[in-house]
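Shown next, in structure tokens, is the structure this report addresses.
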Amino acid sequence: MTSADITRTTTPNTAEPLLVLSGVTKRFPGVLALDGVDLDVKAGELHVLFGENGAGKSTLINVIAGTFPPTSGSFRFGGEEMSELTPHEARAIGISPVFQEFSLVPSLTVEENLFLGREKSAAGVLDAGGMRKRARELIGELGFDLYPKARVDSLDRAHQQMAEIAKALLGNVKLLILDEPTASLTERETGRLFELIAKLKTDGVGIIYVSHRMREIRALADRVTVLRDGRHIKTLDAATVTDGELVELMTGRKIDVLFPTIAHDPGETAIEVHDLSTADGLVKGVDFVARAGEITGIAGLVGCGKSELVRAIYGIAPIASGSVALRGKLLDRLDPRTSLRRGVAYFPANRGVEGLALSRPIRENVSMAALDLSRYQRGGVIRRAAERALIGPIMETLKLRPPNIERAVGDLSGGNRQKVMLGRAMARDLDIFLFDEPSVGIDVGAKVEVYEFIKRLVEQGAAVVVVSSELPEVLALSNRLYVMHHGRIAALLEGAAKTEQNVLSSFFEEESREKAA
Amino acid sequence: MNSTATLSSGNRTASSGDALDLVLRIGLLPILMAIVIVGTSLMSPYFLGWMNIVNILRMASFLAIIACGQALVIIAGGFDLSVGAVVALASVVTAKAMAAAASAIGGPDIVAIVIGIGAGLGSGLAVGLFNGICVSRLKVSGFVVTLGTMSATAGIGLLLTNGIPVYGMPKAFVQAIGRSQFLGFPLAIYIALAVILVMVFVQRRTLFGRYVYAIGGNLDAAVVSGVSIRPHLVGTYVVSGGLAALVGILLTALVGSGQASLGGDAMMLQSIAAAVIGGVSLRGGIGRVEIVAVAALFLTILGNALNLLHIDSRIQPIFLGLIMVLAVALDEFSRRRTSRV
């Protein structure tokens, strides 16, 4: 990687940190999102922002990126007071944000997206060759497995994330903002990203990094700033702070263990999949069994077919061949409607896209999958009082905050949105639960609640399948763990064999077997 | 002293914020409507006359009925451009069928009237069904499908009549449906109120209404939640086609003949305008028919006021256009002001 490719100016003045925020307040109607927050980021420093969903991290990085101005407070960047900063100007002076919500145009290609708004051109004519060359170089440098001519909407989330990061690094970067950049990257891609971050730091780039993952904070952070309820709680030296301390500062309470101890009590076979292949070819001849009273995990890299397997079982991904039996009964058709009637629930990984109608209130989203039941309607007429009386307590047990079920789901944070999804499963009687990446995009506090929810389900005798790219999560939760690789089951690990080492080695064995074949 | 000064200035900014909040909360519509009504009644003595009020309400009824169907389609994430053409087709089909039945049967008028109305409604439902099936089966966007059926439907209407009005309907039809009054108001107003009430009920209290919101709000989420998409999409277009046909029949009874020139593009555009001004989101998932009906009333009052004030008919569309853009802009603005918690 040559530093000429990722161009940046040398830090001019070391007396003042690169970015200095003091007393920054941001008020939305009815909400004080930031309340007098101080933050400074030095050149060459990685500064982690840590806090629960709704703590103000997003608002803060949006203020820094120029999305909206702070209500009050001072914002200095590179020794100059910033006022009326627009996103465009922010980029021009070297503030480059990578948000969780991507800023990519789906119908354009990767390279068109990279150069969007700063195309190379001469007299209004695009320099396509020059841009292609530059895009190739940049992607090569980053070590991303990304084809510059691919349309963004044809890419999966991980590759879109790579495109987004590449876009942020094209140009003159002084301050890079990364909002949970590894949420959908594989271990290898994450490794690449970390190398890149180290390189950027030695080049004097300041980095603001938002993450809930302790391991990343340990590996990368110089300093950590904890936010809670829009207030600056503490800025700490990452080398000396403990995990427990951070979580305690973040939540304002003590959380001893992230993963609950779950008593598995395997009973009858709930799901039996035989020689299943999906129409898109991502699942090839899979045999899979999940039993009542235990958690069956499915681990694997992004794109290995683990999501598609549960989606096929639920009836969203069309199957090409093979069979699915529920409780010993072979199914002749698979679609979400009949799956729900048979007691199967599916929790999609991408809640915004497949899970929730954002413009509709919580109540309607929770009852959406259960309205065919007679306790919600009679003859096609909804029993509104009954609906309210059933949904209210469900969201209460899930600790929805604030506890107003008439709010539009679009106004909720990630943790609350996941609660709406969980509530939907509680709105009807179900006993088979398929979780696709249950903890993506939610904070530690909400994660603990999701795990507790899963624990309750299993201990009441439900069959739970957890698909996850986060290895510690599936290892800790599942009783039996399937490892998938390139659409096939690479291993089934149980008991003492269920270790990170074995999961990783089964990838490599499968890889070498494929190469040999 | 100093502190009181800051306090009062703080109060002033808060109150200007409150005024904006008030506009956002009750919406632009009642405010505009009040301005138009008060302004016009001061300038024109005819405006608040009984005849004019009845006239406004009658025309608003027609628009409101169509806009209710249009709103339902848009909430489900679609578009129905064919409503204006369906009005014309239903008018022609009703008149032709009724005249033919009247001369063939010769019996009591009621039989011919029922046959005529049935045929007219049937033609609208058929166009709606065709729209819905094309949208849900062939996965063609509603905009394109209904653009096609709009053209085809209008063509059929002209073909059936050669552009000549169709006469020969029983007098009783015109007297009973077109001209009859109840407590001083024409029948059309009561029909519109009934349609609006039924639609409000459908939207709020039925599975169909709820699923339409869910499908428009997030199609994929509705699929995952086990909602069957096709019948509901088809249903929205069928309702829209049926309601447009109903207006066609009412207009036919009012003018006393079947005409391929009734409805048309102007009515289609107005129905979309009423839906949008009435707060229906073009992204789908949001909108309430009762507000759409108020928007239809507002548009009718506005048109009437502009006529009474002798404003050039070529200038009138400019007002409509500006108000529509303003309404949508305000909607966007209020959306952006809400923040996440």
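Every residue number used here counts from 1 along the chain in the order it is shown.
A Cβ is built for glycine as well, from the same backbone N, Cα and C atoms used for every other residue.
For the ranges B:80-101, B:234-255, the feature annotated in TrEMBL as transmembrane segment maps to B:234-255.
Between the listed ranges B:213-230, B:267-284, TrEMBL ties the annotation transmembrane segment to B:267-284. Beyond the transmembrane segment (B:291-309), the same-chain residues lying 6 or more positions past its ends with a Cβ under 8 Å from any Cβ of the stretch are 27, 29-30, 32-33, 36-37, 39-40, 43-44, 46-47, 52, 55-57, 59-60, 63-64, 67-68, 70-71, 192, 196, 270-271, 273-275, 277-280, 315-316, 319-320, 323. Using a Cβ-Cβ cut-off under 8 Å and counting only residues 6 or more beyond its ends in the same chain, the transmembrane segment (B:267-284) has close neighbours at 27, 29, 62-64, 66-67, 69-71, 74-79, 81-85, 87, 150, 215-217, 247, 291-296, 298-299, 320, 323-324, 327-328, 331.
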